[in-house]
Amino acid sequence: MNCSISGEIPEEPVVSKNSGLLFEKRLIERHISDYGKCPVTGEPLSIDDMVPIKTGKIVKPRQAASIPGMLGMFQNEWDVLVLSNFALEQQLHTARQELSHALYQHDAACRVIARLKKERDEARSLLAQAERQMPLSSTPVSSNAAVSGNGKRVNEDEELGLDGKKIRQGISATVISELTDCNAALSQQRKKRQIPPTLVPVEALESYSQISSHPLHKTSKPGIISLDIHHEKDVIATGGLDTNAVIFDRSSGEILSTLSGHSKKVTSVKFVARDDLFLTGSADKTVRVWQQSDDGNYNCRHILKDHTAEVQAVTVHATNNFFVTASLDNTWCFYELASGLCLTQVTEASETEGYTSAAFHPDGLILGTGTSDALVKIWDVKSQKNVARFDGHVGPVTAISFSENGYFLATAAHDGVKLWDLRKLKNFRTFSPYDSETPTNSVEFDHSGSYLAIAGSDLRVYQVASVKSEWNCIKTIPDLSGTGKATCLKFGPDAKYLAVGSMDRNLRIFGVPVVDGSMET
């Protein structure tokens, strides 16, 4: 029989009354004096609990008489080593048990976190569905809401006209004064305006090619139909057929946020150059005002439901305090951005066509709109009167762009692009780059007013000239989406790149080919 501590045959064996375990007497007495408990079971143990066992005399080999002290010292060292080793084994066993318990707790915590994330995502999805289905507005419906004659809930405090439509408060004198002051300041700056030295020269633009492509939208409903660029941040926004708007950081190549909430395609997206605000218009008849939060995501501040048909365009005023929406219901609305309040809703009783595009003049007192009946209308924002109209297009006017010089207007339709001189109110040039079966989907001046880009079955960039001079096509870029339909485009800062959306899910960036890891301008 061996000692339960040393594992060797004991010289003076003793047995515990409590556990029945066998020990070497000197080892167990030392352990009891140090710990006061059984080294194996951990139960309280005293020297009185130990019972000596008589065995036959063990004959030890004769030891050298000259080194008895050394042998005794070795024996004591051995006893200490055995006790220490046993204690370490006990501690190792305890540590293993604690580690196993901690790993089990960690695994359980990971499962709980995964379940909570799943429940959170499901709750967000249900909330988004509820927002689409419930009649939301920018402010809660009070208890005194009533039902109008057309079946829509309205607030009893709101006045209705004879036709059942809301009577708007109109654009106040204070707002008109703000618009006028902004116009005067911008007009004065425009007289001193010069082409920035950082603008990409014609020679560099002629070498444009695709430098990146980014799949931003769902494969189930591919198609990017609206696009905007925040020039100061170099951030691009796209609106897709998949009902989402995507905020994309071009420099890092990462998606910053995906905005869900619309129930139909997002037809227009616009950045506001203050307070991290962002606007989206949709075929679900609503306009949403979003604001970026501290975590980088965008929260919906207002859901505007003043239109009764698809919202086709959203354009922001130069003050960044107001914006206009245009719809197929033959109305355009002028909103105050901070409150989301529609100050006026403009319609022409004699007209039945809807609006398919809209844009503010750079100075902000003129609004241009395109209609589904191929008309271009120019409005005085202060009086909301139609002061001019241009005809001659074929098909809906798909895009409108004012030049930064203040007197050129470019419009796109099925038959191509027309350039208008706002000083003489006449068309002075027409581009028909495609055949009669291929519409022109987008047209855009760069911010300096030096270049004009057109999107259809391909991309074409023209150098801006005067009314009488020829506008040369300096670059033609084929559509690389394979769909033959480029739907929207925007120039980046200083025309250093061209962002293009097509009927696939990819945002494409065209610029000067990369040389030694940097974009050459």
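Backbone N, Cα and C define each Cβ position, glycine as well.
Keep in mind it's a predicted model, so treat the numbers as computed, not measured.
Database features, via TrEMBL:
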- 135-147: compositional bias 'Polar residues' (COMPBIAS)
- 1-70: domain 'U-box' (DOMAIN)
- 133-156: region 'Disordered' (REGION)
- 259-291: repeat 'WD' (REPEAT)
- 348-389: repeat 'WD' (REPEAT)
- 390-430: repeat 'WD' (REPEAT)
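Averaged over the repeat 'WD' (390-430), the predicted model reaches a pLDDT of 92. Helix first, then strand, then coil: DSSP counts for the repeat 'WD' (259-291) stand at 0 helix, 18 strand, 15 coil. Note on the domain 'U-box' (1-70): DSSP counts are 17 helix, 12 strand, 41 coil. Assigned with DSSP, the residues of the repeat 'WD' (390-430) fall into helix, strand and coil as follows: 0 helix, 22 strand, 19 coil.
Under DSSP, the residues of the repeat 'WD' (348-389) split into helix, strand and coil as follows: 0 helix, 22 strand, 20 coil.
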